[in-house]
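Okay, structure first, notes after.
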């Protein structure tokens, strides 16, 4: 009999709870119909023993339904009768989560004023009401939660912030509002996906606003900072499948053709830095390849020389074995072929390696002196590097002789420098003894040396200041130094260069063809694989003899030789005119100084 009473009471309690839940979740549970709420009916149900905290099979209470759309007075009515607004359902969702997701600002404000936990998290997703509001585009709820102290950087179980959820669900208005409140756009979730990547994919205008966070300007120090590391995702976890590597923002911009984002300062800086790195790596690879080619060329040359020496000794020994005893013994001297290294090539490679080493040291040590020295050395190296590139022009018959001439005049320049130094050094000592530290342009040794160089070029120099110090020595030293350096040495250099140019250009065509032949032989020796691409017997089969068209009326076109001869004569005339102008200019400058 007692058991029947208990069962009856339980059924009655269940019926009361079901009646209350059905009433609250019925079709009239809408804000527009909140005036139809029968509080007397709800009061009778609760008075007759219904539990205001009773829940359904999902843990949903009456407060969850009320927080969806019912009037705030209904929520107040239940709270006055003992309902717990902090209680969550089976998934950890509280009434505050529901109100935030549905953008019910009045209910949200009511619950927050009564102390609802603004950082309450769901059980599995670990999401707060701000997460719910962000992914459901509840702009008003997001603003209210942030104004009431919600953590804008809170993360869920995948390390996603509210901003990242808004970006993933394409909630552009919410994302823009979160950015205005200072949300960090450079975050990354546990899968390696960047927040900015989702923005670039789904909301271009908001992504442009978000990337402004990665470019900071300090007007006081006049510096700007690019947080480029926030534009590159970290490597994916090793436990993830191979294809789960996250896409970079730059990859998305290129694949989707985001022209308005490609011109953002951060993206431009990222591309510029990547190009700089790629060019440095390319330069390093090319330098190593050139050094390897030079080394292999030396090895092949030495191997070829040794093979030729063995062959020569063998032939000489064979001849000696057949010689008659009455003839004197032949002294066989092995000819040694000296292969001089390409000093200029190795100079360029050494300079490039030195520049690279100093630049890498500057990257890791961050030293201003290393950076300055790196720039200085690179400024010098680029001159030799450019001249080194001209080596490949030798095969062209028009420009080839000029490149050959650069190598020929090196000896003339050395002869000139030797003669010039013979005059320059004693005069530098004499000028320092008389005018050192007295003339403004000769206060230090480097300044004095440069001033003497300017005197050689008949440039401006402080002759009046020298007269004030010692007039006799000023006339004596300046006059004799000008005569020896500007007239004698410079004209001697011009004569040497003219002679070299004449000798080279007298055989201009032959020199150009010689350079072509040398390059052909060099390519054949450096690329043995090319020998597999042609027939070694072709010349013997098809060029024995080689027949070509011939006509007595057709003669060799002398046009090119005539042009070369004309050019040579013009250069000779130009050299003579240059020498004359130098002499006239020197006489005029000396006369003006005397006046």
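Including glycine, each Cβ sits where the backbone N, Cα and C put it.
Per TrEMBL, the range carrying the annotation transmembrane segment out of 254-270, 305-321, 322-338, 373-389 is 373-389. When the ranges 346-367, 500-521, 522-543, 544-565 are checked against TrEMBL, the one recorded as transmembrane segment is 346-367. Mapped onto DSSP classes, the repeat 'ANK' (58-90) shows 17 helix, 1 strand, 15 coil. Sequence-distant neighbours of the repeat 'ANK' (158-190) (same chain, 6+ residues past either end, Cβ-Cβ under 8 Å): 128, 130-131, 133-139, 142-143, 146, 152, 196, 198-199, 202-203, 205-206, 209-211, 213-214, 227, 230, 233-234, 237.
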